[in-house]
Amino acid sequence: MARCRLLLFVAALSSIFGLLHASAGDADPIYSACVDQCEKTGCVGDRCSQHCNFTSGGIPIDGPWYLQEPLYLRWKQWDCLSDCRYHCMLAREDERKKVGLKPVKYHGKWPFQRVNGIQEPVSAALSALNLAMQFHGWVSFFIFVNYKLPFRPNKKPFYEYTGLWHIYAIFAMNSCFWSVIFHSRYVDLTEKLDCSSAVALLGFSLILAVLRVVNVTDEAARVMVSAPLVAFVTTHILYLNCYQLDYGLNMKVCLGMGTLQLILWAVWAGVTRHPSRWKLWVVVIGGALAALLETYDFPPYRGFVDAHALWHATTIPLTYLWWNFVRDDSEFRTTTLIKKAK
């Protein structure tokens, strides 16, 4: 009897926590009834979903094999439930708008308008532009260091941070790539990859900021400085992927690492005589202002542009200016070392 009471208590406690974590939209009984009805009929008003004729694996419920869903549609992983949630969300938001109510979140997400199956088209497009900007900045840096700056007698660049910036570019482009994928279609896998790649980028950016600001050039010292940060970032990524995808904790970790490196660059820009320190100031101030968009959340304008999309937009010019500073830093450091060698 005691065991039964314990099980009932745990079940009740779990349901309470489920309600606490539910969004206002999916807790709406009208929305829930709409989804239940749609799963039975496949329609919400005059909008019907073709996916309700298929299982989640793309196999037709009734019909021959040649009616299977095409591969170019299956990659999006839309199914009857996701389509019903989407159409019911739009229908419910139309009803709420007519009576003067503001948009609410559904299953933790704002009500975005799809475009060709892409869930957040503006954020996805801006992430793609940022990816292109990161690639352009990295290629320009690679060409500048390898073809326009002099080399040491051992055929290596004078700039000691060349390899680190190449690694940074890989992390940055990887993060932008998974951001595009995640904003196109967020499922559990794409969400974890997006979060993990962003954490990895911020972690390595912090390592790079410490090494450049303190001017650590010795390999053994670099390993000693980097090891604790690598361990922390790796542990956090494993926690997100293997234990719990805690959004609140992840936001705190990302903001903490981002703020710390902005402070490091700001202090260094204030004390150094670097000729391009004004570019660093613009990136630092712009990055700090852009970070506020990540903390200030508001519904998407016309179902497309929210605070996160605006954050993606601000990172595009900042990325261009950042890579300009990196090229200038390589030239400044190379010139300084050549003068010391004479």
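Cβ atoms here come from the backbone N, Cα and C positions, even for glycine.
TrEMBL has this to say about the protein:
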{"type": "SIGNAL", "residues": "1-22", "note": "signal peptide"}
{"type": "TRANSMEM", "residues": "124-145", "note": "transmembrane segment"}
{"type": "TRANSMEM", "residues": "165-184", "note": "transmembrane segment"}
{"type": "TRANSMEM", "residues": "196-214", "note": "transmembrane segment"}
{"type": "TRANSMEM", "residues": "221-241", "note": "transmembrane segment"}
{"type": "TRANSMEM", "residues": "247-271", "note": "transmembrane segment"}
{"type": "TRANSMEM", "residues": "278-296", "note": "transmembrane segment"}
{"type": "TRANSMEM", "residues": "308-326", "note": "transmembrane segment"}
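Residues 108, 195, 198-199, 202-203, 205-206, 209-210, 212-213, 236, 240, 277, 280-281, 283-284, 287-288, 291, 294-295 of the same chain lie 6+ residues outside the transmembrane segment (247-271) yet bring a C-beta within less than 8 angstroms of a C-beta in it. Within the chain carrying the transmembrane segment (196-214), a Cβ under 8 angstroms from the stretch's Cβ atoms is held by residues 161, 164-165, 167-168, 171-172, 174-175, 177-179, 222, 225-226, 229-230, 232-233, 236-237, 240-241, 250, 253-254, 257-258, 260-261, 264-265, 267-268, 329, all 6 or more beyond its ends. Tertiary proximity for the transmembrane segment (308-326) is limited to same-chain residues at least six positions away from its ends with a CB under 8 Å from its CB atoms, namely 120, 122-123, 126-127, 129-130, 133-134, 136-138, 140-141, 165, 172, 179, 276, 279-280, 282-283, 286-287, 289-291, 293-294, 300. Using a Cβ-Cβ cut-off under 8 Å and counting only residues 6 or more beyond its ends in the same chain, the transmembrane segment (278-296) has close neighbours at 251, 255, 258-259, 262, 265-266, 268-269, 307-308, 310-311, 314-315, 317-318, 321-322, 324-325, 328.
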